[in-house]
Structure formats: C-alpha cells, structure tokens
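Report on one structure; see the data block that follows.
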Amino acid sequence: MSRRAGRDPARALLSAAAREGRAALMVPILLGLAATAAGIAQAWLMATLLATLLGHGEAGAGTLAAAAALALLQVGLVVAQETASARAGEAARATLRRRLFGRLLAETPSARPAGEGAALAVDQVEAMDGYFARWIPSAALAVVAPLMVALAAGAADALSGMILVAAGLLVPVGMAVSGIGAAVASRRQFEALQRLSGRFLDRMRGLPTLVLFRRQEDEARALDAAAQELRVRTMRVLRLAFLSSGSLELVAAAVLGCLAWRHGILAAEGHPNPVAALFCLLLVPAFFTPFRAFSTAYHERMSAQGAAAALAPILDATAPGGLLLEEVPPSVTLVVDHLSHRPDPARPLAIEDVSFHVPPGETLVLSGPSGSGKSTILKLLMGFSRPDEGRIALNGRDALALAPAELRRLVAYLPQRPVLLRATIRENIRLARPEASDAAVEAAARSAQVTAFAESLPEGLDTPIGEGGHGLSGGQRLRVALARAFLRDAPLVLLDEPTAHLDPATEAQVLDSLRRLCTGRTVVIASHSAMLRARFPKVLELREGRVVPQRRAVAT
Ligand SMILES: Nc1ncnc2c1ncn2[C@@H]1O[C@H](COP(=O)(O)OP(=O)(O)OP(=O)(O)O)[C@@H](O)[C@H]1O
C-alpha cells in the first residue's frame, strides 16, 4: 500500500476521484449558479410587482410575464442540475468500479472472500454516489451562491448585504458544532450497517447448515439485535440532522428579523427604496437554500469516507510486477527446488524443503493425507502466493520472476472446488478460452465426458446452469471444469483432487479423460485417490509438508 505520509488514504482517494471527474462535476455547479442568478432576477421582478401592489411603482403585465418566465427557467435549471449531478456521480462511480474490479482481478484469487469483494465493488462504490452527486456540488454552491445573493442584496441596500454576509459566516460555526456529533454518529451508523450486512451475507450462505442444526431462530434473533442497533444509530443520526437543520432555520429566522427591523425603521421614515426592501426580504430563502442542500448532503460525505477507507488499501496497492512471456512455449520442464512456504506466520510451515522435477509428457501425483501441503504446492505453482524459500523453474527460467498473470498463461488449473457461473454449460467451458470455436468447445466437452451427461439434458450443452453449478451433480460440475482444462490447451496442467467425490464408475471415466489431457503435457495432480495413483505411477508422497522418501517418489 502506498500511503503518502500524513495523508488520510480515504480522503486522498476521494480527492483524486473528484479531480478526475472535475469536468463532469463543474456542470451541476455552473447550472446551480445559473439557477441562483435566475432566482435573484426573479426576486427583483417580484419585489417590483409587490411594490406596485403597495402603490410604489408601475410594474405591469410585462414584469409579471418575465417573472413567470424566470420561474420556469429556474425550475428547468434545477432539473438540469439534478440530472447533471446524477450523471457526474454515475461517471465517478463507474471509473472507481472499473479500477477496483481491475485490482480485485489482479489480487491473489483466494486472498479475499467472494462476498467481501462483491460488497466492495457494489455496495461500497454505491455508497460514494452522494459524495459526487450531492456533496461536492452542494459544498461548492454553499460557498459561491450565498455570496452572489449577498452581493445582490448589498447592491440594493449595503447594510442588508452585510447582515446576510454575517449570517453566512455564522452558519458554518453552527453546522460545525452539530456536525462534529453528526460525524461521529454517522460513522457509527455506517459501522453498524456494515456489521449487519456482513452478518446477513454470512448467515445466508450458511442457511442450510443453520437449518440443519436448528439454529435459525437464534440467528434470526441475533440479526434482529443487529438491525435494532442499526435503527438506534440511524435515529441518532437523524436527531443530529434535525438539530443541524434546526440551527440553520434559527439563523434564517434571525436574518429575516434583522432585515424586517432594518427596513421597518426605514419605512417609518418613508422608505427611500421600497423595491430594494422587498427584494432583500425575498432573497432570504435564496440565500439559505444552498446551505440547506449542503446540510442535507453532509452525511453523504461521511458514508463516502467510510467506503473510501475500505477501498483505498486495494486501489493504492501496487500492481504485482514481473517479466512478461514472449510466447507460450509448446512444452514445459518444471523444476521445484527446496520450496518452503508458511501462509500464516503464526502457524508452522505448510510445506518445507520440497523438491521435484517433472519433464514434458510426465505426470506427477502429489499424494498424502489431508493438510500435508498438496494444494499449497499447486497454489505456489499458479503464482497465487510467493514461496518463502526455494525456486520454481520452467524450462530453466525463474518462474517467480514472471508476472503472476503471465505464469498463468502457461497453466491449465483445476481447483479443488471449481467455480461454475450462472450461464450455459457451453459458456462455462468457453471461459477457459473465450475465442474458442463451437467445435473446439464440443471437442473439449467430449474429452471430459461432459457430452455423456449433457446429451440427456433438454438443451444439451446449451442447458443453463445456476450459480455455483446449481442443477448439476458434483461429478458433473467437475467434468465441466475438466473440459475447461482441455479447452485451455496449456503446456502445464495442475489438477487439485480431480476425482474427489466421484463414484468408482465415474472416476474410471474421468481418469480416461485425464489420461488424454495429460498426454504430451507436464502435469502435477494432487490426489488421495488410489485408482488415480494406479494410473499415474510417479508419486511424490508428502507428510506434514515434507517429502517422504520412498521408492516410487521422484524427488530430485
Ligand atoms: N491460507 C492459509 N493460511 C494458513 N494456513 C494455511 C493456508 N493454506 C493452507 N494452510 C495450512 O497449510 C497446511 C497444508 O494445507 P493444504 O491445503 O496445502 O493441504 P492439502 O494436502 O492440500 O490438504 P487437503 O487434501 O485436505 O486439501 C495445512 O495445515 C493448512 O492448515
């Protein structure tokens, strides 16, 4: 994470995003200023009309028509301002989401729970909408628009202008006093909301388990308590918001009182300019409108800062560097040399001093009890983590010097729990090589025995499947994932438990497919299966992260 000394990364992120979207953000600000100018002109015409009604002047239908036209123009400008604000917010969020998604994709795939990534890319980016769409325009307008109104009033009557300027200086003080409390309350509300949504997501995922253990009512009570906490905190934010708007209304009433007193005294002596008096009084609402919008948007800034604090570490992270491949070689010799890795500093080494060598056309089976380090080795080979010690070489070149994404170009990987998306079987297979032709996808499906079960489905390979492969059995999902490995056609194949949870007949079929996949490639398979070991005799036995020396092992 690159943190510039002394700079809050959340604020830095928001300012950088605002700078980037400056052009779009200027549009609602300029439209807001135009609406204020129209409001000032309209107030002058209305003052002239009212003064005529009171017997001071000769305004006629022309003035009334102009005032009506200005009122319509002002409405149009306000609508355009709202639309431009929404657009600016949308554009800023789209830019942030794009950058964030790029970063999430560049991260180690298993580094972050899926739900958290989704919440970051959707909810937290969404929480920034108000910052760009309302807070920034209203903050700019709260400085400039009241000044325009005060200058207009000052031009008509200097003292009235000064009263407005004095009130304008008082408003931020009142807002700051109530705003400090509102900031704390708003941050607590945001934290309570995050706790509630995190808990909800977690429990929704574990719903079948909760139902199985009859814990649903306890969980419903716990969720209720979290929702109650959120309600209490939201009410506190609202109370403080009312207090803040109450202080604003108090200042507005005081200003109106001062202006009435000022012009009342003048009126008692025969007012020299009744139109100016009415004009100043009519300007009071226009003077406070930008402050009201600013006060309403204040909490938007708080929630955006909370969201930015969550996003900044990801967006500030430096992208993993490394060498690029000139081209994908047709075959690969894999050498793993004295590899040690400790994924968690508080726990023992997951693998220790592991060495092996797999030439092209050979398959090495990593075998050993659960927790012996098989998946850890595959993840290191995929570049998902960097080993603490040791070397991985591909065709004699240091694989760790390659950018992780480049390393993955060489590899077809079947994880222990392959992920299928909500799409057709065909689209799920094509994920491995989007440009592949239908014929290539169908060949991969045949090789992985997908066609064997897809033929009995209503739409064959075009049958849609649900999220996470819903609608397919465990073995069928595995075969779809295996078809991806066929389609990928990479020189290095890494398979993590490719026959787990299969019945012996299906396992035998999948092993036939595997033999075809492994032919001519460099393959490492992590597996417990005795049937698989019988088919692939080169086995590296692991125990507690170390290689067990034995006759059939191929440690170098
Ligand atoms: N991200 C991690 N953080 C901490 N410890 C980890 C992490 N990943 C793996 N380990 C630990 O490393 C050891 C090896 O785990 P690994 O998943 O590689 O074993 P495995 O042989 O593949 O097991 P299985 O056959 O059950 O998948 C285990 O003790 C595990 O708890």
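Cβ atoms are placed via backbone N, Cα and C, with glycine included.
Nobody curates TrEMBL annotations by hand; they come from automatic prediction.
Feature annotations, courtesy of TrEMBL:
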- 21-47: transmembrane segment (TRANSMEM)
- 29-303: domain 'ABC transmembrane type-1' (DOMAIN)
- 59-80: transmembrane segment (TRANSMEM)
- 135-156: transmembrane segment (TRANSMEM)
- 162-185: transmembrane segment (TRANSMEM)
- 240-263: transmembrane segment (TRANSMEM)
- 275-294: transmembrane segment (TRANSMEM)
- 334-556: domain 'ABC transporter' (DOMAIN)
Inset, instruction - For the transmembrane segment (135-156), find every same-chain residue at least 6 residues outside the stretch whose CB is under 8 Å from a CB in it, and list them. - result: 18, 25, 28-29, 32-33, 36-37, 39-40, 44, 81, 85, 88, 162, 164-165, 168, 273, 275-276, 279-280, 283, 286-291, 293-294, 296-298, 300-301, 304
Legend entry - Tertiary contacts of the transmembrane segment (275-294) (same chain, 6+ residues out, Cβ under 8 Å): 32, 36, 39-40, 43-44, 46-48, 50-51, 56-57, 134, 138-139, 141-142, 145-146, 149-150, 152-153, 156-157, 160, 164, 167-168, 171, 175, 245, 248, 251-252, 255-256, 259-260, 263, 266-267
Legend entry - Overall pLDDT for the domain 'ABC transporter' (334-556), taken as the rounded mean: 88
